[in-house]
Structures are given as C-alpha cells and as structure tokens.
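**Q** Take this structure, written in structure tokens, and hold onto it; I'll ask about it next.
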Amino acid sequence: MASDRFDILFVLGGARSGKSAYAEMRARQTGLDPIYLATAQALDEEMRDRVARHREDRASDGWKTIEEPLALTEAIGAETDRSRVLLVDCLTLWVSNLMLAERDIPNEIERLISRLRKGPPGPIVFVSNETGLGIVPDNAMARAFRDHAGRLNQRIAAMADEVVFVAAGLPLVLKTAR
Amino acid sequence: MASDRFDILFVLGGARSGKSAYAEMRARQTGLDPIYLATAQALDEEMRDRVARHREDRASDGWKTIEEPLALTEAIGAETDRSRVLLVDCLTLWVSNLMLAERDIPNEIERLISRLRKGPPGPIVFVSNETGLGIVPDNAMARAFRDHAGRLNQRIAAMADEVVFVAAGLPLVLKTAR
Amino acid sequence: MASDRFDILFVLGGARSGKSAYAEMRARQTGLDPIYLATAQALDEEMRDRVARHREDRASDGWKTIEEPLALTEAIGAETDRSRVLLVDCLTLWVSNLMLAERDIPNEIERLISRLRKGPPGPIVFVSNETGLGIVPDNAMARAFRDHAGRLNQRIAAMADEVVFVAAGLPLVLKTAR
C-alpha cells in the first residue's frame, strides 16, 4: 500500500491521531538520514514540555532536529543534501505562527509552493492537521486560521505524490502514485 | 472510481476541504446545464464577501445561481427541467438558517426527504459539512445544530447513489452504485 | 467487507455519525446475546433524555443494558459468558467521566488494555468519538481530554482485529483481519 520512495509525502490527521509517529516511520523507511524540521514554538510551559519530550524521543533514534517557526521555505531550501529525508511537523503550527507574527499568509504559501515546484532537494514528509471537521469557531481569528490551513492542505495535497489520512494511528490512503 | 451519471451525489467534507470545487467539477462532468442553489445568507460583511466571490467565480463558467436560504424543498421541486444538474451548497448552512428562523427542523428534513423520494427532476449534487469530529461544543445551540446536521447527513447519504468524503481536495468514496 | 466474527471491533466516528447504530448492527450480526455497556452518566436533563431514549430503543430488541460510567475494566472482566457479545458505548464518555472524577487516566487506560490482552471473554465492540479534527480548544481541560481520548483510540485500534470509521452512517474500513 505504501511505497518507501516518494518526493513529497503528505500526512494529514487530527490531534493525537498518531500522524507524527506514522510520518516518522515512513521517513525512517526511506533508509536516508532523517532531519526533523519542527515548526513548534514553545510559548508556554505546556508547549515547552511537549516540544522537549518529542525532541528527546527522536534524539535516541539519531534524528537531527531543526527548529524553525517562520522561515520554513528558507529552511527547506537550505537542506541541499540529497542523502537525507526531511520531515516537516507541522504545517498548521507554521500557519499559526505566521498569523501571530502578522505575516501575509497567502504570499507565504505561494513562496513555499514555488520552492517545492523547483523540486525539493530530497524526499520530504509534511505533517498537517485537519481542523475543519468541527463546529464553525466563534471567533474570526480561528475561522481565518481554519481557512488558511485548509487552503494550504489542498495545495500540498495537490503537489504530493502520496497523501495519507491518519485516524487512531491507522493510515488511509487518499492519493498514491501507483 | 467516479461515474458521471447519478441521481443523487452527496459530497461531504470539512471547512476549506475543497468539497465545493469537487462538487462543481462533478456537476460539470454530467454535461448538463448547471444550476447552483446557494443556501448561504449574507448576514455580515465576511459572509457577503464570500458569497459574492463564489458567485463571480461561477458566473464566468455559465452557471445559473439561485439563492434560497430556507425554502430548499420548494426550490428543488420548482426545477423541473431534466436537462440540467442542480448543485445544492450547502445543507449545513440550510440547517443553520432554519435554526435562526426557528423552524421545526425534523419536519423540514422529512419534507426534503419526501420530495427526493418522488425522484428529483434531474441529477442533484448535495454538499454538506461534517461538523461532528471536534470537541463537544460548550453551548446547547451548537450541540443541537451538530445533531440536526449529522442526522440530515445520514438521511441524504442513505438516499444517495454515491457518497464522497473530501479531505484536502481529495475524494474518498464512501458509497458507490458500482 | 465486514466479517461477523471478531474478537475486538472498534467503531470510530463523529457526533451523530451513525456509529452507535452501526455498532449495534454488527453486534446483532454475531447472532450472540447482546449486552450494552453504557458509559453515559445522566448529569443533566438533556443527557437523561438521551440515555433514556437510547435504552428504550434497545429494550424492545432484547438487549441487556449495564450502566457503568467509571469501572469499565471491571465491568468487562465480570462478563464471563462466551455466548454473548458486549458493546461498549462509548470510550470518550468514559474518558470524560474519569476526568470529572479526577482519576489517573493513563493508568486507567493501561488497566483496560491489560485486561483486553488477556483476551476478552467474548467478542466486544468498542464505540468511540474522534474529537481531534476541529480547531484546538481554548481551554486546557478540553485539550487534555482530546489528548487522552486520542491516545486511547490509538491503543484500542492497535489491539482491534477490525477498525471502522463511520461518517454519515457509512462505514469506512481502516483495518481488517482479512
């Protein structure tokens, strides 16, 4: 069902769906040196704990970790070594960071897509949250976030050679090259 | 996977999932004259912008647009031309409008289902949001909305000859005639 | 697609997705005497009405109903009759009850998993909500709930021989033994 060769693999899922663990497994299966590109910003203690716990979990497995909350496109461009696989976790946190920093999000998305069109330097796994399957949020900021995140998910899914939805730790293939 | 002939096609998805674009593509593929039956009510500026933008997007493609926030069953019944395809976007907004207008929603749903049982005058595509996959909402109104919308989705799915769930712009077939 | 023999069947879905009706149908198809293990606690009138309505719906079909909001592991262990099928509805309400009672949830989850590893006394159907596909909740309690529920769903899915996601009343197989 799943191939161990891909240019862009897109892993979509809910909170605590097991999407990151699935993405890490797929990155590992490439046999390439894995780089974890974390978009998380530790703004409070709850987040700091989560980020640190995840970093520790990976450290013992020989992952290199890069933390980049905003300049994702540049960070992807800087990784020119074709012998590695890049795991970006996750796109929705990136969108959230861009909103907090008051960046022009449609423009940032276009820049990311343009960079990917040139071809990523090696295989890349994107992890993202599906956030549009609950009730319409009360506040306009959350609605705007949901719109940006949904549009970005569509763009990445369109470019990916494989798209997998993860629920309760189980993968459901939405798109596959073969 | 997808047929271009159907009596009732039901397209279910989240906010910004690409469900409307998918539904429009499927309506177009029938080769029939498309009518867009919009249930959206422009209650504030944010909504007015969205509705106008969507209307413009379709106008250039030769769609006829009907706006009907409440009398959906009558609007479907009025379209007696078998040479057209009707796209209803979307059922969850209809439920929301009915709640605001304090209508008897179970009764309104029964009336819609009865009309569909007589056979729609031509192929019809229903678009709806799945809203039950987040945390239980705090307020009773939102919980009631979620219940009505979920029950309506089940009824339409049971009648449809094809049901497609859309995530990140990609279709996942839940039910198919063949 | 679906087998009528299973040790653990896990039915996951949203609110008003038809997941309970699907789970009841699958329990009935085993041909065994069905026991409904309800975790719902009637804390307010809205809930009391729902619980009572569901109990009445099943009573006419010859189901035995057990209500157990907290001691789920013990209730499963107490059912030693292999000629019955047990339907647990639902795991997310159990997590919610444990949080209200300030129990150690990771420990409660381990106890349930350990019990299941010994082998359930007969076939068992677990129903659970997927709650992680909306916007991140504002309050920390709801985020903690979502984390616990998501982790429990992953654990049960990993143990189940069959996992089905239900949307708009339609089953989507995520995992199957054959």
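Note that Cβ sites are derived from N, Cα and C of the backbone, with glycine treated the same way.
Any TrEMBL annotation is an automated prediction that lacks curation.
Straight out of TrEMBL:
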BINDING   C:13-20, C:38-40, C:55-58, C:Glu67, C:Asp89  GTP binding site
ACT_SITE  C:His54  active site, GMP-histidine intermediate
**Q** Between C:Thr39 (GTP binding site) and C:His54 (active site, GMP-histidine intermediate), how far is it from one CA atom to the other, in Å?
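**A** Taking the Cα atoms only, C:Thr39 (GTP binding site) lies 12 Å from C:His54 (active site, GMP-histidine intermediate).
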**Q** Once the chains shown are all counted, how many other Cβ atoms turn up within 10 Å of the Cβ of C:Lys19 (GTP binding site)?
**A** 26
**Q** Cβ neighbours within 10 Å, counted over all protein chains: which one of the binding-site residues C:Glu56, C:Glu67 has the most?
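**A** Answer by Cβ density within 10 Å: C:Glu67.
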**Q** Determine, to the nearest whole angstrom, how far the Cα atom of the residue listed as 'active site, GMP-histidine intermediate' is from the Cα atom of C:Glu67 (GTP binding site).
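**A** Here the two Cα atoms are 12 Å apart.
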**Q** Non-local Cβ contacts of C:Gly13 (GTP binding site) (under 8 Å, 6 or more apart, same chain)?
**A** C:Lys19, C:Tyr22, C:Val127, C:Asn129, C:Glu130, C:Phe165, C:Val166, C:Ala167
**Q** Measure from each Cβ of the recorded positions C:Arg16, C:Lys19, C:His54, C:Glu56, C:Glu67 to the Cβ atoms of chain B, and list in sequence order the residues where some distance is under 8 Å, or 'none'.
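**A** Near chain B, the qualifying recorded positions are C:Arg16.
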**Q** Any idea what DSSP makes of C:Gly13 (GTP binding site), helix, strand or coil?
**A** strand
**Q** Pick from C:Arg16, C:His54: which of these recorded positions has the biggest number of other Cβ atoms within 10 Å of its Cβ?
**A** C:Arg16
**Q** With every protein chain in view, what's the tally of Cβ atoms within 10 Å of the Cβ of C:Thr39 (GTP binding site), excluding that atom itself?
**A** 23
**Q** Helix, strand or coil for C:Glu56 (GTP binding site)? Use DSSP.
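**A** For C:Glu56 (GTP binding site) - judged by DSSP and reduced to three states - the answer is helix.
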**Q** Can you tell me the three-state DSSP label for C:Lys19 (GTP binding site)?
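**A** In three-state terms, C:Lys19 (GTP binding site) counts as helix.
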